[in-house]
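Below: the structure, in structure tokens.
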Amino acid sequence: MQRTKEKMDHEKTEENLYQNKRRLKVCVATCNRADYSKLAPIMFGLKSHPEEFELEVVVLGSHLIDDYGNTFRMIEQDDFDIGSKLHTIVRGEDEAAMVESVGLALVKLPDVLQRLSPDILIVHGDRFDALALATAAALMNIRILHLEGGEVSGTIDDSIRHAISKLAHYHACCTRMAEQHLIAMCEDHSRILLAGCPSYDKLLSTCHRDDYMDIIKSWLGDKVKENDYIVALQHPVTTDIQHSIKIYGLMLDALISFNKRTLILFPNIDAGSKEMVRVMRKKGIEQHPNFRAVKHIPFEQFIQLLSHAGCMIGNSSCGVREAGAFGTPVINLGTRQTGRETGENVLHVRDADTHNKIYHALELQFGKRYPGSKIYGDGNAVPRILKFLSSIDLDEPLQKTFCFPPVKDTISQDIDHILETQSALAVDLGGTNLRVAIVCMQGNIVKKYTEPNPKTFEDRMHLILKMCKDAVQDAVRLNCRILGVGISTGGRVNPQEGIVLHSTKLIQEWSSVDLRTPISDALGLPVWVDNDGNCAALAERKFGHGRGVDNFVTVITGTGIGGGIIHNSELVHGSTFCAAELGHIKVSLDGPECSCGSQGCIEAYASGMALQREAKRLHDEELLKMDGMDVKLAEPITAAHLISAARNGNSKANAVLHKASLALGVGIVNILHIVNPSLVILSGVLASYYQAPVQQVMLERALFSAQSIKVVKSDLEEPALLGAASMVLDYATRRTY
């Protein structure tokens with residue numbers, strides 16, 4: 001009894017949930033005779049499930065035009081209540097009329113959609129009317145189910161179809177290839193239903209009617225025989241109207257010559273249709289004894305006419321879709337269906353430029369029978385679509401999301417040079433060498449050029465220009481587009497004017513030098529100039545440890561000591577462009593003399609020059625060499641020898657390096673207490689040696705809150721070149737430098 005009670009309670013709960021579930025309000029909007037043939041089976045399905053769905057019908061477009069058969073009447077004959085009729089067609093049958101029709105529909109649709117307030121709008125295909133429907137619904141936050149998206153054809157319909165797919169929230173497609181196209185268009189796979197074409201549900205179930213000959217004779221006369229007549233349906237191609245009109249005339253001439261009974265349907269309302277009707281009337285088709293020209297045929301009867309025809313000719317989609325289900329021979333003229341999936345029953349005459357070519361196609365196809373094809377459906381699309389609609393969760397977010405595939409970093413954003421790699425020309429003016437490099441957006445050095453740095457101003461400027469011009473020429477061959485020139489140089493620089501204010505002693509004749517003007521004039525490119533220490537900081541910000549770090553300091557430990565400060569993601573230059581001269585922070589009141597003329601600077605203790613000076617002193621006093629060291633007589637003494645001696649246990653060398661590390665560490669502690677960065681990056685040839693000792697000095701001498709700041713060694717091999725390039729790449733791609 002207990003189990004029986006629990007079962008009854010469970011059934012009662014399910015019943016209550018079912019009763020409380022609100023019916024899904026579905027609005028089906030139909031624009032013309034063709035889309036109604038696809039939508040009608042769904043409408044019948046919705047109507048047959050009133051407990052789940054509430055159907056609203058909106059009719060617009062050519063349904064309401066007398067010249068196109070007033071086809072809204074067949075919707076009424078099917079016993080559907082039409083909730084709204086919208087006259088949206090602006091007559092003219094040209095491109096402007098199509099645009100005006102879309103605009104008129106957009107003006108009228110909001111009131112209707114607001115009044116009906118559907119949960120979901122079903123839109124079919126690729127017509128301009130459907131684009132207006134999808135646009136209005138999307139802007140009014142109404143969910144959209146798009147039928148037959150993802151397919152490909154050869155006209156403006158492609159663009160419209162794909163545009164509707166991007167606006168739609170859900171998709172019911174017909175073929176596996178269409179499904180793959182939608183996925184490739186970044187649509188959510190979980191919102192794509194491979195249903196098949198709804199019209200197949202009707203045509204596969206009703207194509208074998210006993211009264212098919214009565215239907216054929218009612219349209220073509222009593223003398224007509226099965227498989228001995230032609231169905232012709234040609235529409236304008238809106239992207240090439242004049243050519244499509246020419247093909248239409250050639251088709252009519254070929255049909256007249258072929259001398260078979262022909263049922264010809266009027267073209268649709270696209271731009272160019274008026275001219276096609278004129279061609280038809282000029283050739284006397286409506287009065288010709290072999291022809292029967294009609295504006296509309298009910299879909300059930302059209303199925304019988306198509307399935308028993310000797311051939312179908314034209315460029316209608318029903319030739320490559322519905323006709324394939326019956327194996328009816330089809331001649332597809334022109335480019336309107338280019339890209340459509342077709343069965344073997346279709347013979348393409350894409351370049352239908354002569355009467356004879358079309359006539360020969362008629363001779364090849366007429367009277368044949370092909371195996372039926374089910375590329376576009378198996379007759380069960382409607383049950384799948386109804387189940388899909390029932391599964392829609394109206395509580396899930398309305399905003400659709402796209403499933404973008406992983407892609408490589410874009411190599412170009414310039415539409416005129418879309419195949420080129422955006423690159424910078426980087427120049428590094430060192431005390432010994434002059435270097436130029438082509439650097440791409442990812443920080444890769446594509447090609448590098450190195451020459452000894454001349455001693456005089458004239459020779460140096462001449463060499464810079466020559467090397468830059470050579471690099472620009474090579475960039476074309478290397479498929480690189482040079483966006484500008486970035487120059488890294490020693491000394492104090494005014495980056496706003498591109499002028500070297502005061503050079504270091506290592507570069508002679510290099511003060512008050514305007515670098516920007518002559519190089520920009522010679523190359524026709526924008527030029528940026530900055531101090532080599534600042535460039536090292538910029539390189540770290542774009543390519544190194546500084547990426548994503550708002551506040552950090554870069555310290556260069558090389559021949560001299562330099563660096564740059566990034567504060568709030570911006571490079572600090574100072575009021576007179578003297579900020580971040582880190583090598584000239586004083587750590588002693590007297591101390592050794594510095595290259596700047598002062599005493600006790602970090603550079604006087606910890607630079608490569610300072611260590612070399614101490615190494616020579618120890619060597620001259622015969623206090624440098626240790627067992628295991630190999631110092632050749634002709635070999636110049638360098639800082640490397642000092643470090644080698646220390647590692648081999650030389651106490652004098654160790655003392656020098658300890659003092660150098662202490663001086664550098666104290667200087668960096670001063671920096672921490674002034675600008676309080678979150679990271680210190682050591683760069684240059686001595687960085688690997690100084691990293692651990694400097695971190696230890698910080699732990700011993702910095703304020704407690706600054707002791708946790710990390711010291712890291714730069715991973716960049718060419719910080720000066722990369723920093724010079726970053727000035728170009730960041731500014732030229734609209735990032736702030």
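Including glycine, each Cβ sits where the backbone N, Cα and C put it.
Under the heading domain 'UDP-N-acetylglucosamine 2-epimerase', TrEMBL lists 51-389.
Around the Cβ of ARG492 (N-acyl-D-mannosamine binding site), 18 further Cβ atoms fall within 10 Å across all displayed protein chains. Sequence annotations record features per position, and here TrEMBL assigns N-acyl-D-mannosamine binding site to ARG492, THR504, ASP532, GLU581, HIS584, GLU603.
What TrEMBL records for ASP532 is active site. Summarising the environment of ASP532 (N-acyl-D-mannosamine binding site), the number of other Cβ atoms within 10 Å of its Cβ, over all protein chains shown, is 26.
Per TrEMBL, the feature Zn(2+) binding site maps to HIS584, CYS594, CYS596, CYS601. In the structure as shown, the Cβ atom of CYS601 (Zn(2+) binding site) sits within 10 Å of 29 other Cβ atoms.
A simple Cβ count within 10 Å picks out one of the binding-site residues CYS594, CYS596 as the most packed, and that one is CYS594.
Counting Cβ atoms from all protein chains shown, GLU603 (N-acyl-D-mannosamine binding site) has 27 others lying within 10 Å of its own Cβ.
Applying an 8 A CB threshold to same-chain residues 6+ apart, the list for THR504 (N-acyl-D-mannosamine binding site) reads GLY431, GLY490, GLY491, GLY560, SER595.
Whole-number maximum of the Cα to Cα distances across the N-acyl-D-mannosamine-binding residues ARG492, THR504, ASP532, GLU581, HIS584, GLU603: 16 angstrom. In sequence order, CYS594, CYS596, SER598, CYS601, ILE602, GLU603 are the residues near HIS584 (N-acyl-D-mannosamine binding site), counting only same-chain partners six or more apart with C-beta under 8 A.
Apart from HIS584, CYS594, CYS596, CYS601, the Zn(2+) site neighbourhood in this chain, defined by C-beta within 8 angstroms of the site C-beta centre, holds GLY583, LYS586, SER595, GLY597, SER598, ILE602, GLU603, ALA604. Taking the Cβ of GLU581 (N-acyl-D-mannosamine binding site) as reference, residues of its chain lying under 8 Å away and at least six apart in sequence are, in sequence order, ARG492, GLY533, GLY562.
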